[in-house]
């Protein structure tokens, strides 16, 4: 006998774990004929078990998962599917697909309703300071007039079209001895499995068993919460007879801020300064997310390079559930250089005397050729990738024949 983790599906088909593909097919055909709903109307569940077992064991990938890991292998390797929860629960004593979707079974065995997911847009200020807000939602609740029965006592009858199952099973023959089972929601009862005569229906809910109700939730957005974090209201989703209500889940969506960008518990911002500030020190003020006016000072003599980053410790976002601890604030400096010809040429020599001296120009031996640096617009590209140099003696006619500007430095 092959060494497998579980044999329940093999036992359903009555074959050993090492059964070949032909043996599986032969066993399935025999059992499918015996328990076909047309031949044996009371064996619908048994037919589902047989079909499920054959579907798994006839698929090499699913069979390998099942052989190696048993139920757990199918649990983790399956993508889930509607209507399969009852089959797997009957075979293995537990749901396979319930945990994969929004609908499952609760601990007390009752079917669990779907969760209701709602986006909640919040500002960065809300996430920094915390916020309490009210959210109005519309949901289904059990009708109080009929206690969720849909009509007076005894008026509810089992749907004869689907025999109370809520679904209709259709069998399609693929080949002699091989059939495919398909199921769809019963149109007579809309999947309820029950019908109520129109004269006996509840006047308040019109036989629907539930009515719409407006629910107002008080939502607490705690300090330090993040984009994508969830706030859950357990059991507050739609109600339905015989079903445990699911949860209302609010998904936080952080709105873009005009000054700050968030990275975990840290904040980032960009600040523009002039050349004189970069060289001679500066002071500036900005408004933080809690309304405080923060003064930033940088001493004269300490140079700020273009694009450099400095940090202010402890001025980032508060930590979730530990709001007295905060991340850091990172400030990137955009140094704005003066425009061309901003100073009188006579003053340039005075400025040069104040700045660090130039590096010495090395002596060049041999012939040289002088070229001119021109302005370059990086958004226009480099002229189709052609390697060209802008020479000082280029004529207007020659320039117009080129496909774009020459290689130049970006103007600041």
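Note: Cβ is positioned from N, Cα and C throughout, glycine not excepted.
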### Residue carrying phosphotyrosine as stated in Swiss-Prot, selected out of 66, 391
391
### Task
Write down the residue from 153, 382, 394 that Swiss-Prot flags as phosphoserine.
394
### Message
As a test of the contact definition, list every same-chain residue at least 6 positions from residue 123 (phosphoserine) whose Cβ is closer than 8 Å to its Cβ.
### Response
254, 255, 257
### Task
Note the mean pLDDT of the repeat 'CXXCXGXG motif' (159-166), expressed as a whole number.
83
### Query
What is the number of other Cβ atoms found within 10 Å of the Cβ of residue 205 (Zn(2+) 1 binding site)?
22
### Message
Can you work out which residues elsewhere in the same chain, 6+ from the ends of the repeat 'CXXCXGXG motif' (143-150), have a Cβ less than 8 Å from its Cβ atoms?
### Response
156, 194, 196, 201-205, 207-211, 239-241
### Euclidean distance between Cα atoms of residue 39 (N6-acetyllysine) and residue 205 (Zn(2+) 1 binding site), Å
40
### Query
Is the repeat 'CXXCXGXG motif' (186-193) packed against any residues at least 6 beyond its ends, judged by a Cβ distance under 8 Å, and which are they?
158-162, 164-168
